[in-house]
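What TrEMBL says about this one:
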| type | residues | note |
| --- | --- | --- |
| TRANSMEM | B:12-30 | transmembrane segment |
| TRANSMEM | B:42-60 | transmembrane segment |
| TRANSMEM | B:66-86 | transmembrane segment |
| TRANSMEM | B:98-116 | transmembrane segment |
| TRANSMEM | B:142-162 | transmembrane segment |
| TRANSMEM | B:194-214 | transmembrane segment |
| TRANSMEM | B:268-288 | transmembrane segment |
Amino acid sequence: MFTTTTTTTRRRTLVTTGALGMTLALVLAGCGARAGDDPAAAGSSPAASCVDTSGGTVKLGFLNSLTGGMAISEKTVSNVLHMAADEINNGGGILGKKIQYVQEDGATDWPTFAEKTEKLLTQDCVAAIFGGWTSSSRKAVKPVVEKLNGLFFYPVQYEGLESSPNIYYTGATTNQQIIPAMDFLAAKGVKTLFLAGSDYVFPRTANAIIKLYAAKLGIKIVGEEYVPLDKDDWTSQVAKIVAAKPDFIFNTINGSSNVGFVKAYYDAGLTPAKTPIISVSIAEEEAPAMGHEVTGNYASWNYFQSLKTPTNPKFIQSWKAYPNSSGVTSDPMEAAYISLYLYKSLVEAAGSFDVDAVNAAAKSHTITFDAPEGKVTLNGKNHHISKPGHIGQINASNQFDIVWASGKFIEPDPYLEGYGWFPADIRKQLVDAAG
Amino acid sequence: MDALIPQLLNGSAQGALLLLAALGLSLTFGQMGVINMAHGEFLMLGAFTAYLVQQVIAAGDLSIPVALPVAFAGAGLFGLLLEVTIIRWMYRRPLDTLLVTVGVSLILQQAALQIFPSQGVPVEKPGWLDGQLNVLGYGWPLRQVFTIALAAVCVTALSAWLKYTSFGRRIRATVHNRDLAETTGISTRSIDRLTFFVGSGLAGIAGVAASLIGGTNSQMGAQYIIPAFLVVAAGGIGQLKGTIIAAWAVGVALSCFAYWTTGSLAQVLAFILVIVFLQVRPQGLFTVRTRSLA
């Protein structure tokens with residue numbers, strides 16, 4: 001028995017190695033061919049794009065994780081994109097052309113995001129791609145859209161320190177979410193702060209920025225804790241919070257780990273009255289899924305369902321009427337909604353779907369959109385948009401009462417160049433670390 | 001010293017949850033040699049059962065006590081279904097069961113994602129679990145005390161069942177020597193089915209406990225499956241007392257490391273410890289001497 005098994009295993013190993021070798025050879029051959037093509041492609045540049053808008057439609061790609069761990073968040077974004085596409089089509093489309101979308105599944109796997117981006121651009125010949133959630137997915141898509149000169153619209157708040165000619169960012173960068181949250185804490189007279197985050201690039205970068213700004217504001221950081229994204233039990237770390245007795249907890253935890261954090265927080269006897277939490281990833285959709293009342297805690301976002309703007313009621317109504325709707329609207333959903341309309345405005349300003357023409361229009365025109373969060377303006381240089389900062393306090397119906405607003409719209413500053421307390425060497429260090 | 005007590009208590013509770021997740025595995029993996037990667041999803045089924053029960057009888061004080069037996073039966077039946085339809089065909093091929101059950105776990109995850117809201121569902125803690133127990137000045141969350149009590153009840157019931165009932169004796173006979181057990185008239189087929197039912201059912205109970213600690217969503221099973229396998233392996237295959245000690249040790253190690261270092265490093269350190277231990281003692285804490293040839 002044993003001998004047979006060993007032989008089979010060995011044979012299998014051989015077959016596997018062989019297959020691997022073949023694949024490698026194929027990939028290398030593919031790379032070689034592509035590398036050979038490149039100079040020619042560079043010569044004729046954007047004309048090499050296979051986007052066909054000669055008919056009555058324009059093809060767009062939606063790239064969201066519909067399976068795997070991130071489907072928890074990205075399914076909603078995908079649904080909102082479909083809704084926005086339907087809306088635009090009912091209104092006559094973009095430059096008179098109806099949107100025909102190709103939905104792809106990123107499957108919570110970053111190499112898949114890169115492969116699907118390439119597929120959407122080279123096989124489906126889409127004019128632009130919308131989606132992504134995690135920074136890892138964006139960083140997987142970035143080199144591909146840059147190499148193939150495609151367009152990618154990214155709808156989620158993130159850690160900043162990035163700007164690509166081929167990416168448009170419609171979520172907040174740090175100076176539109178983290179810094180307003182700190183301004184709010186300073187205005188409240190907070191003296192001590194505890195940082196709790198998931199262990200990945202966004203919380204680590206956000207906390208590096210928070211610590212620098214806190215030093216300037218005179219807020220003392222009394223603790224900093226990280227737990228892996230896929231781990232829910234926060235009891236040990238919450239015990240440290242209890243011991244540190246901070247005035248406030250700054251929460252950069254993401255996903256289901258938030259549920260564990262909130263449960264451990266209440267289990268340990270902490271309350272929003274004494275030790276409130278300010279979060280940057282708990283929104284209208286997450287608040288009711290905590291399994292515990294979270295009333296009284298805070299969140300920093302640009303958009304809240306409770307915002308009173310001219311276009312918000314229509315957005316909420318369309319979403320509530322949409323099939324498979326969760327019934328509530330939230331910041332990332334709104335940013336996804338913005339992304340498609342922003343693209344429409346860009347194309348209309350450019351008068352063309354061509355990537356270079358769109359990018360030129362971003363620089364030469366003032367592109368605005370009357371978003372549910374207010375009238376946002378595209379910054380043609382860094383491809384981010386201006387946003388209002390808002391702090392909401394969770395009420396008994398899991399909606400947010402706006403308790404603080406930045407007033408004017410905050411210009412996007414992904415590299416925090418307008419903030420004197422942010423030293424250049426740390427900027428370089430963080431940019432290098434983020435890859 | 002006063003830092004040690006909270007970590008010991010907290011670690012014991014973490015260990016208790018690990019134990020609940022590992023108990024079922026110690027039956028299906030330990031006793032039957034089936035590598036069931038869908039065990040984490042049976043745990044998820046238990047957590048969703050807690051949610052569904054709370055929808056029916058409101059999130060009152062009774063919901064969790066009612067959810068426990070329902071989750072046991074529900075997850076157990078799913079396990080039985082898996083055994084009857086798939087696992088029974090591959091008892092002599094452990095690596096194939098691993099691949100097949102990974103597939104089953106993906107199917108169950110996606111099914112949960114389709115059926116329930118993608119953000120996950122809330123499971124509320126009953127009122128009698130609010131508050132803390134004062135242990136030498138440390139407010140020990142009652143929810144943790146409950147996890148430990150639940151684990152203790154499950155372990156006692158399981159070991160009594162294995163030791164004193166005729167079913168238990170037949171299971172042990174089958175584990176020791178399947179062929180000889182068959183010649184004495186034991187239907188090893190029905191014993192296999194029963195073991196799988198109980199093992200999966202225990203995952204359901206673990207799921208109810210997990211739903212009180214973290215999120216209830218399609219991905220929750222993934223965070224328990226690997227630690228649970230490690231605990232079973234470190235405890236010694238087929239040995240309940242080994243599983244108990246290993247779960248407790250891993251729980252306390254996780255908690256202490258999390259206190260001394262960070263939450264992320266604690267995971268790494270605790271698992272390095274288990275791996276080093278398995279290098280030194282590959283058979284685990286305790287071993288069963290069997291007369292079978294496999």
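Backbone N, Cα and C define each Cβ position, glycine as well.
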Proximity of the transmembrane segment (B:194-214) to the transmembrane segment (B:98-116), 3+ C-beta pairs under 8 angstroms: no
For the transmembrane segment (B:98-116), sequence-distant contacts whose Cβ falls under 8 Å of one of its Cβ atoms, 6 or more beyond its ends: 34-41, 44-45, 48, 51, 82, 86-87, 90, 217-219, 221-222, 225
Non-local residues, at least 6 beyond the ends, that sit with Cβ under 8 Å of the transmembrane segment (B:12-30): 36, 39-40, 42-43, 79, 144-145, 147-148, 150-152, 154-155, 158, 195-196, 198-203, 205-206, 209-210, 213, 224-225, 227-229, 231-232, 235, 237-240, 243-244, 246-252, 254-255
